[in-house]
Each structure stands twice: as C-alpha cells, then as structure tokens.
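According to TrEMBL, the features are:
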TRANSMEM  6-28  transmembrane segment
TRANSMEM  40-60  transmembrane segment
TRANSMEM  90-111  transmembrane segment
TRANSMEM  123-148  transmembrane segment
TRANSMEM  208-241  transmembrane segment
COILED    257-311  coiled coil
TRANSMEM  333-356  transmembrane segment
TRANSMEM  376-403  transmembrane segment
TRANSMEM  423-448  transmembrane segment
TRANSMEM  479-508  transmembrane segment
Amino acid sequence: MGDFNLALVIVAIVVCVLVFLVNVYLLVNYQHPDDANQAYFPKFVVVFGLSVAAISILMLPADVANRQACRHSIYNGACNLTLPMKDLWLAIYIIDAVLVFFVIPFAMFYYEGDQDKSVGKRIKSALLWVMTTAIVCALLLGILYGLVGKVDFTVRHLSSATIIFPSAWDFSSSQPCIGGSGARACSAYTANASSEKTWTMRTTFPEYVVALATIVGSVLFSIFGGVGIACLPLGLIASFIRRPKAVITRSQYIKEATELGKKARDLKKAADALHQEERSGSKGRKWRKNVKSVEKELLQLEEDVKLLEEMYPQGEKAETSWAMTVLGYLAKLVLGILGLIVSVAWVAHIVIYLLIDPPLSPFLNEVFIKLDDIWGLVGTAAFAFFCFYLLLAVIAGAMMLGLRLVFITIHPMKWGATLMNSFLFNVALILLCSISVIQFCATAFGYYAQATAAQEIFGHTLQSLRGIKYLYKYNVFQIAFVVLAGLTFVYYIAFVSFQLSLLFSLFFRSFE
C-alpha cells in the first residue's frame, strides 16, 4: 500500500507540472500582441486559474485511485494512511470560489482601469470594487447559511427485541438473521412507513459555499455543456465539410481581398461614428445595439480574412502551408468522429444510468471497472478522459453561443488575439463550471466512484441540502443537458445538410 501511495503522489506532482506548462503555452499563444511583456499579474491569475480548473477535474480520478490504495487492507484504519482527499477537495474548491468571486474580478478591474492613472490609484479603485463585492457576497452567504444551511437526510428508525446468544449459527432463506423468522424479518422492509423520519443537521460552511457555487455552475453547465457536447465534435466535422477544396487563382484572390478591404473601411467608418457618439454622451440602447452589430461584423471579417489566407497561401513555403492546411482539416475530421463517439456515449450513459430509474445498466461504470481489471491505471485514465472531455465540451459550448447573459457578455477567445480581460472572464467561467463538471461526473459515475471523498461531498451532502435537493431529486440539470444536446445535434444536422445540398448544387451547375 505504501508503494501505491508513493506512486500516486509522484503521478500527481508530474500531472500538476504538465498542466502548468500547457497553460503557459496556451497563454503565450492566445494572448493579444498588445499584452506582450506587460499585464503580468492578470497573466499569473490566468495560468493559476486554468491550472486549478484542470487539476480539480483530474482530482476525481485521483480520488478513485486513492480509494483503491486501501481496498484490500485488513484493518479499518488503513485508509487514514492515504491522501486526505476530502481536505484536498474542500481546499481546491475554496480556492476556486476565491478566484472566481474576488481575485479574477480584481484583476479585471485593474486591467481595465484608466491607463493614465498611476498603479496605486488603479489598485485602489480595483480594491474598492472587490471589497464591495466581498461584503455583499459575505452577507448573502451568511444569511443563507444561517437560514437554510442544513441537510435533511431521510432515515428509517429500526428496533428489535433481545434474545439469548445462540450456541450455533443457522442461517437460511427462511432464517436470514438471528432471532428472525420469515424472508425479510430483520430488514428495513418490515418497518412501518411511520418509522421513516427526517434527520436534520447543519452542514459545514465550506461545504455550503461549494454547494452554492455548484448550483450557479450547474445552470451554466447545463446550457454550455449540453450545447458543447454536440457542437464540439460536429463543429470539427462541419469545419472539414466547409474546408477550402483548392487554391484559388491570383485574380480571384485580388477580387476577394478588394471586397474585404471595402468591408474593413465601412466598419472603420461605423466604429468612428460610434466613438464620436460615445464622446458626445449619447450612449443609449440604440448605440449599444450598433456596437454589438459592429463587433459581430468585425469577427466575421476576421474569419473571412483567415479563410482567404488559407485558400491562397503566399511566400516561399506556399505549398507546404497548403499541405499543412489540408492535414489540419483531416485531423479535424478524425477528431470529430472520435469526439462524436464519446459524446454519444456520454448522452447514452446519462439516459441509461441517470434518467431511467432504476438504471438499465451501469454502462460506462462497468467499462471502467473492467479496464481496471486489465490494469489499474487504464480504467482510471479512461475515467479521467471522460471527465476532462466534459469540461472541453463546456468550453466549446461557451465559445459557440457567444451570448449575452443578463448583463455579462461572453468574451471570445482567439488564437493570438485574446486580450487579458477576455482571458480572465473565460477562466472564471471555466472555474465556475468545473465544480459542476466534478459534481456531474461524481453522480454519473457513482457506481465506479463510490466510497470516495467526492461522493461524500457531492453525492450525499449536496443532494440533501435544504432548498436545493429537489433540483437533483428530479434530475433538472441532467434533463436540460440532454434536451440542449439533442437540439444542438438537430441544428447541426440541418446545417450540414444545407451545406451539402449547396455544394452539390454548385457542383452540378458547373457542368451545365
């Protein structure tokens, strides 16, 4: 057991280092050129936040592996010698909450502050905003915790008479226990309905904070995850279908570039006019609507420019660039097909194991267990892959929708053109959804992840929390997830069918 724990600690350290390096790579390649060699504090928050999100997802497989370290032990205290997973869970999610509600808002206020002000004034202004947010959040959490921060467990009271200790043990189907007679004489089935009672106890404050953050994240997870589980693979396949089929001629390139240049000049005039209206103080609903329209057209213009560059590669390595473009789209097709298989497996597992009561089959739970029988880490690795894929689906859904959530606009992420405020917002979104991804995985793979610290926190406590438990009792989030996944799938099928019909019509028209 000691060797197993040592190996687990080594793997955990290696994974943390790899996650950190990958996040640094993403920051360097996604950041906007204007943020190069500056905004170091927001960059640190971005890397740290992404690392916390990734590590929190990978902690559930680590929790399962940690449970396996003592499952063959003879004495009950053996599990006390393994990693303290419950403390680690609470620590990682308290850090998550602090980052989402305090550190990231401070970094955003500081980054978006007036550049003409001194560093001290920008820090002071950001602190004032964050302190106001902290006071409001603390009051709200304190009031809610004092009023409804309790868990209600349904229990059944059982009692029995005493008998003389037997000299021999004689058990059978008609005598299942000592002093009993009948098939279920000593089980809870014989208890009266009146013996069922509600046992109420106050949960700890850290667990309550995690629970509330999970509810907020679950709403976002149901929307973004449901859309993303379908659009992540289908988007890759649709990208392959819409790929440029051949290199265009120079005359075609000049014609398209001229049209794009004209669109760019018109957008610049519209942006200048909006800037002039902003200076004059006329920032009404119409002005905000026009700003959104210009931003949308600008994003579309950037996509058109990128596509034109792909269709007409230039320079000494034009042929190599085209070959890499073709290989890139082929890779998207392969990844899209593999992702579609994983997405279908996820949706099927949710329906079979969560929405149907009793479950038709353990499905993926049984797959992981069988993989563990082959070699311990194979099942754990597959389990980690499905959990991490769900987080990728949430990110894909957030990037696809690009919608306005009440007063908050989703910031788009673009390779080599992402400002730090957009980075920070998306990191906060990922952190918030990562809690719900863990809770969802702990529920969906409850048979495989049983007796883990995550199951204790997200299984029993969260689903028995007063005022919240009904959302989980009636599978509200799971149903919303499956419905949105189905709608997105239908949308993509209709969209791809339209694209194919258009391509075929153009193809046959060329022969007329």
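The count begins at 1 with the first shown residue.
The backbone N, Cα and C atoms fix where each Cβ goes, glycine too.
The model shown is predicted, which means the values in this text are computed figures rather than measured ones.
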Touch test for the transmembrane segment (40-60) and the transmembrane segment (376-403), at least 3 Cβ pairs under 8 Å: yes
Tertiary contacts of the transmembrane segment (6-28) (same chain, 6+ residues out, Cβ under 8 Å): 43, 46-47, 50-51, 54-55, 58, 62, 65-66, 69, 83, 423
Seg_contact(the transmembrane segment (90-111), the transmembrane segment (376-403)) with at least 3 CB pairs under 8 angstroms, min sep 6: no
Other parts of the chain folded back onto the transmembrane segment (123-148), taken as Cβ under 8 Å at six or more residues beyond its ends: 101-102, 105-107, 109-110, 113, 117, 205, 208-209, 212, 466-467
Contact ranking winner - 208-241, 333-356, 376-403 against the transmembrane segment (423-448), Cβ under 8 Å: 208-241
